[in-house]
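**Student:** Below: one structure in structure tokens.
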Amino acid sequence: MKTKPIVWSIAGADCSGGAGIAADIKTAQSLKVELCHLITANTVQNSKSLVSVNPTDVEILKQQVATLITDKQPDIIKIGLIASSEQLTWLCTLLPDIKNQYTKVNVVFDPVGSASVGGKFSNITANDLIKILPLVDVITPNIIEAQQLTGINTSDTDQLAQAICALGVKYAIVKGGHQIGKSAQDVAFDSTLNLFYRVTSARIDSSFSHGGGCSFSSAISAFLAHGYLLRDALAQAKAFMQQGFAKNGDFNEYYGAFEQTHWPQDKQFFPAIDADIHRKYPTLSAFADIGTTRGEQKLGLYPVVDSIEWLETLMPLGIEIIQLRVKNKSQAELDNLIEKAVALAKNYHTRLFINDYWQLAIKHGAYGVHIGQEDLLDADLHAIQQAGLRLGISTHGCYEFLLAQQLKPSYLAMGAIFPTKTKDMTGQIQGIDNLKQVLNLSEDIPVVAIGGINEERAPDVWATGTDSIAVVTAITEASNPSEAVKRFQRLLF
Ligand SMILES: Cc1ncc(COP(=O)(O)OP(=O)(O)O)c(N)n1
Ligand SMILES: Cc1ncsc1CCOP(=O)(O)O
Ligand SMILES: [Mg+2]
């Protein structure tokens, strides 16, 4: 049975209703997580000023933890305002205890510096605050907060994110919303993989932004609690923010609370991805299409097989698209295999994609080539395009989908939809809901669903509107593969 993820928010209450715990509760409700709140301070503030902070006694917070831990264990602990040095000391012992006992708990920290209406929330110095950073998994400062924490006076968000990670945080997301310009770029640095993720959205000027920082951090917490990887939590949290700002873009009043909406689905709110591959190909045009229009004419079943024998068995069955996916063969064997496969596919007028080996696919004039995310930067996309080959790209979640879509490939694959024994996809199982989300994000590029799809699951996958279903073992391990193909073909039209 599916349970609702739990986020603990350890943060301040804002009596004007927009920030702190109020933002966290509203965001949690919008993004389908249960929120337990441990209030660190009862602040007095309105649209003009921060009047007082009033920290909570640490003994009360300790009692709340002791009470909650027995029946509402957190998936994520989100920390906002730390209102006193005593609270900081308490957190520095609490977090290691919880992490030791519940090893899957991640800590998200939104370092609240000063109030948006002016005034400081606490007298804790940056020097003291950084003691908590080695206990933090994800931190979500804006540029000013990042500068204060690191003591580095730069607006280079890459540098700030790396400097924060050097203080012990695993993932630093530095928000660029306070920069001047037409767009707002947030940068996440993953220190475990030494990777940057950059998401950019058009700036929407809204005076209803109070609590926006808390809401962003809560959205990141909620998506992580649902099990998303950081990059997908980031892309979705950015869309959630954009959706909320757009809602209130028309109001002219001086000051209002950020509007939490709902799980982001609409592509207009999703960010552009700025990755190394886009810098490598700043002027790439669209790859040749595969002769179908997204949503109108579908490709149906897409068998993925590893030998000439399989191609010979399946191609006569009226397959629209097929893939040769061979691993661990010598260059000479591959050369021979791909040459034969291309000749066979031309005979049957089947769209043959060659997995991985783009040079050999070009050499032998294959219909297309399929490339994984890890191999994208190494492949020569210009050469593939100039040779007139179609390009299919693997994606695993909305961040990679948006990244790959910007390259305008011939199709986008999404998976693994279900657990599969064909390939280790640990931590990357997408489910039907994520497939539906990327179908909403897709422009006019066909989408192929792959991973763990069998005859029983195919109808649900097909009902999402996907253009094609790629299958390995449901065909290759079927007692009668040709009959299995025919049954799939009946299911998919
Ligand atoms: C249609 C389709 N989708 C995804 C894949 C996986 O490709 P990749 O990520 O490159 O992994 P390998 O197949 O090379 O292990 C695919 N081959 N086809
Ligand atoms: C190659 C690949 N890429 C993502 S899942 C997958 C394996 C699909 O195989 P199966 O259909 O047997 O689950
Ligand atoms: Mg590959």
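Every residue gets a Cβ built from N, Cα and C, even glycine.
OK, TrEMBL features for this one:
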- GLN323, LEU324, ARG325, VAL326, LYS327, ASN355, SER394, LYS423: 4-amino-2-methyl-5-(diphosphooxymethyl)pyrimidine binding site (BINDING)
- ASP356, ASP375: Mg(2+) binding site (BINDING)
- 14-256: domain 'Pyridoxamine kinase/Phosphomethylpyrimidine kinase' (DOMAIN)
- 306-475: domain 'Thiamine phosphate synthase/TenI' (DOMAIN)
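Describe the structural context of each listed feature in the structure shown, including burial, neighbouring residues and relevant distances.
**Tutor:** Of all the Cβ atoms in the protein chains shown, 18 others lie within 10 Å of the Cβ of VAL326 (4-amino-2-methyl-5-(diphosphooxymethyl)pyrimidine binding site).
When secondary structure is read from DSSP and collapsed to three states, ASP375 (Mg(2+) binding site) falls in the helix class.
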**Student:** Can you tell me which of GLN323, LEU324, ASP356, SER394, LYS423, our binding-site residues, come within under 6 Å of ligand 3 at the Cβ?
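**Tutor:** What lies within reach of ligand 3, judged by Cβ under 6 Å, is ASP356.
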**Student:** Would you measure the largest Cα separation among GLN323, LEU324, ARG325, VAL326, LYS327, ASN355, SER394, LYS423 for the 4-amino-2-methyl-5-(diphosphooxymethyl)pyrimidine site and round it to whole Å?
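**Tutor:** Of all Cα pairs among the recorded 4-amino-2-methyl-5-(diphosphooxymethyl)pyrimidine binders, the widest measures 17 Å.
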**Student:** Can you count the other CB atoms that lie within 10 A of the CB of LYS327 (4-amino-2-methyl-5-(diphosphooxymethyl)pyrimidine binding site)?
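**Tutor:** The answer is 8.
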**Student:** Compute the C-alpha separation of ASP356 (Mg(2+) binding site) from VAL326 (4-amino-2-methyl-5-(diphosphooxymethyl)pyrimidine binding site), stating it in Å without decimals.
**Tutor:** 9
**Student:** Measuring Cα to Cα, how far is VAL326 (4-amino-2-methyl-5-(diphosphooxymethyl)pyrimidine binding site) from ASP375 (Mg(2+) binding site) in Å?
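**Tutor:** It is 15 Å, counting Cα to Cα.
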**Student:** Measure from each Cβ of the binding-site residues GLN323, LEU324, LYS327, ASN355, ASP356, ASP375 to the atoms of ligand 2 and list the residues where some distance is under 6 Å.
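**Tutor:** Cβ under 6 Å from ligand 2: none.
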